[in-house]
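Record features, source TrEMBL:
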- His210: active site, proton acceptor (ACT_SITE)
- Gly44, Val45, Gly46, Asn47, Val48, Gly49, Asp69, Asn130, Val153, Ser154, Asn155: NAD(+) binding site (BINDING)
- 38-177: domain 'Lactate/malate dehydrogenase N-terminal' (DOMAIN)
- 180-343: domain 'Lactate/malate dehydrogenase C-terminal' (DOMAIN)
Amino acid sequence: MKHISSSSSLGPGGLDLTQTFFKPINHAASPSSTKRNTKISVIGVGNVGMAIAQTILTQDLTDELALVDVNPEKLRGEMLDLQHAAAFLPRTKINASVDPAITAGSDLVIVTAGARQIADESRLNLLQRNVGLYSKIIPPLVNYSPDMILLIVSNPVDVLTYVAWKLSGLPPNRVIGSGTNLDSSRFRFLIADHLDVNAQDVQAYIVGEHGDSSVALWSSISVGGVPVLSFLEKQQIAYEKETLENIHKQVIESAYEVISLKGYTSWAIGYSAASLARAILRNQRSIHPVSVLAKGFYGIEGGDLFLSLPAQLGRGGVVAVTNVHLTDEEESRLRKSAETILQVQSQLGL
Ligand SMILES: NC(=O)C1=CN([C@@H]2O[C@H](COP(=O)(O)OP(=O)(O)OC[C@H]3O[C@@H](n4cnc5c(N)ncnc54)[C@H](O)[C@@H]3O)[C@@H](O)[C@H]2O)C=CC1
Ligand SMILES: CC(=O)C(=O)O
């Protein structure tokens with residue numbers, strides 16, 4: 001199948017300039033010329049896939065970017081539109097094809113293909129449609145890039161990460177769902193907005209399902225290194241539990257609100273996925289709340305499932321899961337979130 005290729009050695013008019021434009025020099029290869037290229041593939045070039053692709057390019061996270069979609073016109077249009085920004089971006093080779101062979105040798109494959117919610121529709125409602133799609137999408141990706149890290153974004157992301165893990169046969173550390181990395185950013189934004197501080201100074205995690213049963217870890221929130229709840233208690237500053245619940249409720253409602261206003265969410269998940277790509281490809285060993293195989297952590301039992309826990313990410317994918325202290329209430333909410341996911345998963349018969 002023909003690839004919608006980005007570059008060729010032929011200049012305008014079919015003239016091969018590569019041999020005449022430069023004079024070769026003979027010297028030992030410099031260390032930089034032997035550096036291994038990195039390759040990211042994005043599957044699905046809809047709102048989310050393109051927001052991720054665009055963020056990856058502006059943040060200079062890869063040498064090669066391969067785009068795949070089933071809609072050839074949209075795909076070629078998106079590829080050309082990105083290529084036309086080449087003069088303003090770090091150099092990245094961009095290719096696109098309806099054939100997943102274009103992804104061969106990827107270090108990271110990000111899957112965004114699939115149905116999305118309409119206003120007021122739950123993410124879990126997308127399951128049957130997107131599982132069908134995944135059974136076609138995932139196996140060839142693994143054949144073409146057996147060493148990849150697979151990052152799942154399509155919804156419902158936790159169950160689809162489990163499905164992708166099952167279909168791929170990859171070890172669990174190399175299959176990750178974007179999970180509540182996005183919800184946690186929304187949470188940090190809301191807290192920062194409340195306190196009029198920089199969201200990057202707010203350490204706060206949402207864990208569990210990327211969806212309605214997510215869990216806010218209030219007990220471990222800190223701002224500028226100061227644990228917020230114990231600070232309030234020590235200072236005898238009264239706060240209503242309801243205020244906290246309302247902030248978490250706003251996080252849960254964020255996606256519904258944006259979808260009802262603009263039809264889809266895209267920019268925040270673009271930055272969220274790019275932050276995960278950076279952690280993985282640059283071996284940052286940074287901690288992100290992402291969807292990982294959760295059985296055995298925080299008292300979660302009863303079957304294999306993926307949900308978000310604060311996990312350390314590096315070149316091998318998930319390096320470790322943190323063992324932070326949760327209150328009894330947080331742990332019990334997390335287990336309920338796990339039960340919700342397991343219940344949905346049980347309908348799949350995988
Ligand atoms: N995990 C998260 O935090 C978030 C997840 N999402 C999810 O991301 C997914 C994509 O959302 P949008 O980009 O807004 O949808 P969209 O409808 O704009 O794009 C979906 C794309 O997938 C393509 N596609 C369909 N079947 C394909 C296949 N077999 N192979 C390759 N491409 C295929 C379509 O042609 C389309 O271009 C949805 O499931 C949505 O719910 C959206 C926002 C955040
Ligand atoms: C759509 C979705 O999952 C989100 O924006 O959180």
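Cβ from N, Cα, C; glycine included.
Gly44 (NAD(+) binding site) sits 20 Å from His210 (active site, proton acceptor), taking the CA atoms of both as reference points.
Residues near Val48 (NAD(+) binding site) in space but far in sequence (CB under 8 A, at least 6 apart, same chain), listed by position: Thr112, Arg116, Val153, Tyr264, Thr265, Ser266, Ile269, Gly270.
Counting residues per DSSP class in helix, strand and coil order gives 68 helix, 26 strand, 46 coil for the domain 'Lactate/malate dehydrogenase N-terminal' (38-177).
Considering other CB atoms within 10 Å as the measure, the emptiest surroundings among the recorded positions Asp69, Asn155, His210 are those of Asp69. With a cut-off of under 6 Å between the Cβ and any atom of ligand 2, the binding-site residues Val48, Asp69, Val153, Asn155 reduce to Asn155. Compared over the binding-site residues Gly44, Gly46, Val153, the count of CB atoms lying within 10 A of a residue's CB peaks at Val153. Across the structure, His210 (active site, proton acceptor) and Asp69 (NAD(+) binding site) place their CA atoms 25 angstrom apart. For the NAD(+) site listed in the record, the two most distant Cα atoms among Gly44, Val45, Gly46, Asn47, Val48, Gly49, Asp69, Asn130, Val153, Ser154, Asn155 lie 17 Å apart. In the predicted model, the domain 'Lactate/malate dehydrogenase C-terminal' (180-343) has a mean pLDDT of 95.
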